[in-house]
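Beneath this line is the structure, given in structure tokens, with notes to follow.
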């Protein structure tokens, strides 16, 4: 890792997508600085996955920021509502799901923006995806473009022209199978990732929530075995 | 306060501007929900001021969210750099000051967006001001407009059309003297507010930082006595 390489902040959730986004940032020659959040998640094991992914990728700095989204309520990922299980493709593509967290990516990207300015870079990677679209408005390209435009008016470094902000979304147009094939070719250790919204006490995925179903379908279409299930 | 009144989230810092923005929100018929932040500030008394202002205004709910901006560094308001004192008007208007906090208003507005969606409203008030411009890029109208546009693509409630987001900036075109006259006519208790970047151990303003100087000039031009100095 060279000092000459450009730094980038990479949002890292511990899931499959952000692990792939991290590998793509490295492939593109960036020095990644990983950023994760504890946000009243019911599952601190997400953070443990993010830490494993960052370590396996040789990330030089990984910060975990505590944020209290739970204080505002409004989602089954932070509240005690049940995570929906066994939904059909049709149900999954219909509207915005219960697992939606208000303004989540906006808050995450805002922190990434703050850290990137302090690091002296404007490059931020986020593993959002609009193909296997689960109905989250803040995963769409038009949202990310609007955030980028706002960010370029928000910070000293962007306004003064030293660090224009670019929000990189390398996965936005890929199917889940394409993401997995891409990550596989880059050597991503998917065994370290966790996608499940509701893992068991043994940390194994439930296999039935939307995220588990999308992941299983993606590995099947990519013709690969999910190493997290071995 | 009627249940029929529309809710609004009002960002409240404990300073003069946000106290005035709160009074204007009430004058416009909104039910204000006040939101403040502990962000590694060296002065917890800012929060005490915000609490006094909210109480005096009869706000029904005031949340204080802990955020760790200090973890990223980069400002004399969160780091241990010295606050600049006794700067001339020319120095104050020249460039972005040391007291700048990276992406601060972006993070604050993102939390306000999350809470507003949970409250079932899209109305957010922020007391930014671009006239007595101290060089903060995230206080300019073009920044706020870009945030509003992004927010309307970010949340379920905005995208589904139930709660379009409006970022209200009632002070953006007012001079400090006009803000003070306006608040005075609305009965704002400026004795409860604190503007100083570096108050003494007796909680009295230093009188020499940019913020104290702008405040003193504002009261002088408005022809009013600052009740915080009595």
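For all residues, glycine too, the Cβ spot is worked out from N, Cα and C.
Predicted automatically and left uncurated, TrEMBL annotations should be read as such.
Annotated features in TrEMBL:
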type	residues	note
BINDING	A:12, A:13, A:14, A:15, A:16, A:17, A:18, A:19, A:20, A:21, A:22	ATP binding site
BINDING	A:196, A:206, A:209, A:212	Zn(2+) binding site
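Following the DSSP three-state reduction, the secondary structure of residue A:209 (Zn(2+) binding site) is strand. Cβ neighbour count for residue A:206 (Zn(2+) binding site): 16 (other Cβ atoms within 10 Å of its Cβ, all protein chains included). Each residue contributes its Cα atom, and for residue A:206 (Zn(2+) binding site) and residue A:16 (ATP binding site) those atoms are 16 Å apart. A straight line from the CA of residue A:16 (ATP binding site) to the CA of residue A:196 (Zn(2+) binding site) spans 10 Å. In this structure, of the binding-site residues A:22, A:212, the smallest number of CB atoms within 10 A of the CB marks A:212. Taking the mean position of the Cβ atoms of A:12, A:13, A:14, A:15, A:16, A:17, A:18, A:19, A:20, A:21, A:22 as the ATP site, the remaining residues of that chain whose Cβ falls within 8 Å of it are A:50, A:53, A:127, A:193. Taking the Cβ of residue A:14 (ATP binding site) as reference, residues of its chain lying under 8 Å away and at least six apart in sequence are, in sequence order, A:36, A:45, A:46, A:47, A:48, A:49, A:50, A:51, A:52, A:53, A:193, A:194. Residue A:196 (Zn(2+) binding site) is surrounded by 23 other CB atoms, counting those within 10 A of its CB over all protein chains shown.
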